[in-house]
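Enquirer: Shown below is the structure under consideration.
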Amino acid sequence: VYEILARTVYGKRKRTEVGVDRLVNEGAYTAAYPLHEGPFKLQSHEIHPDELNQRQVLHYYWARWCKWFKYQPLDHIREYFGEKIALYFAWLFYTAWLLPAAIVGTLVFVSGVMSMDTNTPEDICSSGAKYPMCPLCKTCDAWNMSDICTMAKLGYLFDHPGTVFFSVFMSFWAVTFLEFWKRKMATLAHHWDCMDFHEEEQERPRPEFAATAPTVEENPVTGVKEPYFPEKTRLSRMFTGSMVIVLMLCVVIIFLVTVVMCRGVISVMMYQSGSPVLRTEAGTIANICSSIVNLGFILVMGQVYTALAEQLTKWMHRTQTQHDNAFTLKVFIFQFVNFYSSPFYVAFFKGFVGYPTNYGTLFGMRNEDCGPGGCLIELAEQLFIIMVGKQLINNIQEFIISKVKAWRQKRTLASVLGDDEQDEPRPWEEDYKLVPCGGLFEEYLEMLQFGFITIFVAAFPLAPLFALLNNWVEIRLDAHKFVCEYRRPVAERAQNIGVWFNILEALSHLSVIANAFLIAFTSDFLPRLLYQYKFSNDLNGYVNFTLAYAPLNYTDYPYKAFRDNDGMYTLFYWELLAVRLGFIIAFEHVVFFVLRAIDWIVPDVPESLELKIKRERYLAKQALAENQEALL
């Protein structure tokens, strides 16, 4: 029925006045949607399962909160909503894969807690007033190394040998998961008869494209004349879109600098407060406050850019698939920079402060140094606030906004019907009260968490656990939305999750490089290891070894760096740099080699399925040959 509605000419074909989508787009109709198969609520609990409609089956056995432990009924979902939505819920089998990652991450964190007291260098906690340290700002006083004992212990939770093992484990986990997802995707595509489906060849032009295209040209595949944008117009629009993306990325960087300066101002205020507690925890308080501000910026900018990207992509692409892929890529690039710019800054750029008499500055303020517990604990704080905060806010929004939209729809319908409203509403009126289905883009975009659990997993081993808990809630919310709160979407065919798979592969490869640099340059793992190899296996004197004294006639207080009294790097620094670079090369080569081996060993299509496909092709050829013989 939808095909007939979509292809029916209502005006002049030259102007592509074709299809119900164009009429809805121009406001002739307010909506066009397939009906749900009756109500989702059961009339009584005595009904036999065979008497339930498909919507009631999905609600009773899947969409309710008490069914959180059930697998996804993919065949039922596909039968009711189509392959595209069924593949999204199939992709959420990633939640089951998070279980081993969450268990290993929790064990790594617990091992850090248990060994925290025995592995923190004694020099820090028992030093008393032995190590008065260089002031952290021009108006600040000196501080004692022993003041940071608690933060040094907490820093060990995220900076110990277990996190190195876990980052390697998660690299293997990510690529193994993607390999098995490819196999599952192939199995489902064959089971649903979508393996040879090519969206671009069968799709019609989008209504917005048809309405604004200046010329008409013959489609080389179908031979039918269709709306067409000349190459020059397309290139100019692409250039404009690219400039807007660059401009918005610059805005994100400006916000990042603002957050950095905000953190510096809060730190100075804490130091000048005079309170010993506030002075000791100034860096932590500033980091938490700035992370919350940063989360607010991230969420607001995400909404602004998504709306802007929709406008930039609206007129350029002929088919819905081309539009969705371009829109996805635009928003993902922006959201990646939006979400990960601050963690990348803390992980790889924070801490380049210079040395006394030669401090680096930004707008007159001294560059930020890592806090007492090191940069990894600050990175863990940021990841926790951004990741968990975003998940909580998104889930609350999904729950509340859908209710508000449904309430507005009911009011709209009541105003349209007026006195004609009946006691027994007709099915299309009942469904008009529901919220229009906005597609799967926002649902897939929430899987940005894949980056949090792979790229920075060395700093935050509990990330897979929080992702697992969120996804259990997410599956139930999404199931309830599609079955109970959304109008039934038109079923669409698909053989995979499209450009999202390429994005996930890129994230999994980036995670290997990011974790290698994180362990080598941000973690204290390699400096401790080199010190144990060269000087003392039990880290005696390690804290004193990491301190340098300021140039003469400046101050008598030490600061943390591998420098001599003239501010030049020591021999140990260059040895450590060589070890760090060697570790990065070894880590990347070993991990990428194993990843390629897994990719080679695990075929994209299961062997049993491959045999089945070959058998089907053989039988099809046999049937064709027999048919030709019969005709002859």
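Glycine too: its Cβ is placed from the backbone N, Cα and C atoms.
Residues annotated as domain 'Anoctamin dimerisation' in TrEMBL: 1-74. Taken from TrEMBL, the feature domain 'Anoctamin transmembrane' applies to 77-616. Residues annotated as transmembrane segment in TrEMBL: 85-110, 163-181, 244-272, 284-308, 329-348, 450-473, 497-521, 571-595.
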Enquirer: On average, what pLDDT score does this prediction assign to the domain 'Anoctamin dimerisation' (1-74)?
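Expert: On average, pLDDT over the domain 'Anoctamin dimerisation' (1-74) sits at 82.
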Enquirer: Any chance the transmembrane segment (450-473) and the transmembrane segment (163-181) have 3 or more Cβ pairs under 8 A, given the pairs are 6 or more apart in sequence?
Expert: yes
Enquirer: Counting by DSSP secondary structure, give me helix, strand and coil numbers for the domain 'Anoctamin dimerisation' (1-74).
Expert: 32 helix, 2 strand, 40 coil
Enquirer: State the non-local partners of the transmembrane segment (329-348) in its own chain: residues 6+ outside its ends, Cβ under 8 Å from one of its Cβ atoms.
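Expert: That would be 241, 245, 248-249, 252-253, 256, 259-260, 291, 294, 298, 301-302, 305-306, 309, 312-313, 375, 378-379, 382-383, 386, 390, 441, 445, 448, 451, 455-456, 459, 499, 503, 514, 517-518, 521-522.
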Enquirer: Counting only CB pairs under 8 A, let me know which of 85-110, 244-272, 284-308, 571-595 has the most with the transmembrane segment (163-181).
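Expert: Stretch with the highest Cβ contact count: 85-110.
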Enquirer: Checking distant contacts: for the transmembrane segment (284-308), what same-chain residues at least six beyond its ends satisfy Cβ-Cβ under 8 A?
Expert: 151, 244, 248, 251-252, 255-256, 259-260, 262-264, 266-267, 270, 278, 331, 334-335, 338-339, 342, 371, 378, 381-382, 385-386, 389-390, 393
